[in-house]
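This is the structure, below, for whatever I ask next.
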């Protein structure tokens, strides 16, 4: 069924001049409708890989008491967040790719928007916590055990959840104040803040300003602090007396640096092309918006599996257990 034939299913006329939307219609990747079934193949594979890979990471950290250390507990937090992050968007996206445009009720759309942005912020916060863990381990190793206690890690977990909720909730409230009187069709695979706001008939400057400010003061600030921590780490590493010590230090940080580069490169590229890439084709923007939510969860367990010996050996041991 064509998009315009479905659109009437999700609106309710309240008077002669305004329209109240009871649902939005997600259409997928505009301009690539005929190819979406093929696009779904790599996305399905990546999602499966992300769920299995991160599930294995969480399993080995949970079952092996020797891995109940700050570095691996933060890694388990990252894996859990990754599973949630891609699960919030990918199943709905695949449904659209397989069956065509899919309606999403207004509450469901806002719920998905909330979790997409909240989980993205918590992913960034976990990466910052992992950078702090590596900073203390390398720059202040004598204080590592006293600083990074189980109590502190629990508080960090609660703090990153609280920060995500506190930052994203005003964005949802700003959406609720809008009046929608135009099309209810969202040319995207999932509901996100500005995608919904742009359908409103009243001014959305406040939504745009808040979204940009929140992104800069959270994800942007996280990236600055992570960069600063690694500058200090690298300075300390280069001052180590032996080559063996420097190699070991680089080895403990290598996986984390790879994960950071994957996450922030895709996120910033997608963010800036959406806001300033006026000549970038819409289908490219939508593909990017999906990749920056799916590639990091897919790559993170692979990177840590390759770079972290303890995780690699335990995953192999888990897979090779006799039936």
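The backbone N, Cα and C atoms fix where each Cβ goes, and this holds for glycine too.
Straight from TrEMBL, here's the annotation block:
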type	residues	note
DOMAIN	53-304	domain 'G-protein coupled receptors family 1 profile'
TRANSMEM	35-61	transmembrane segment
TRANSMEM	73-98	transmembrane segment
TRANSMEM	110-132	transmembrane segment
TRANSMEM	144-166	transmembrane segment
TRANSMEM	209-237	transmembrane segment
TRANSMEM	249-272	transmembrane segment
TRANSMEM	284-306	transmembrane segment
May I ask whether the transmembrane segment (144-166) has at least three C-beta pairs under 8 Å with the transmembrane segment (249-272), counting pairs 6 or more apart in sequence?
no
So what pLDDT does the domain 'G-protein coupled receptors family 1 profile' (53-304) average out to?
89
Six or more residues beyond either end and a Cβ under 8 Å away: which residues meet both conditions relative to the transmembrane segment (73-98)?
26-28, 36-37, 39-40, 43-44, 47, 50-51, 54-55, 57-58, 61-62, 104, 112, 115-116, 119-120, 122-123, 126-127, 129-130, 133, 153, 157, 189-190, 259, 290, 293-294, 296-298, 300-301, 304, 308, 311
Of the stretches 35-61, 144-166, 209-237, which racks up the most C-beta pairs under 8 Å with the transmembrane segment (284-306)?
35-61
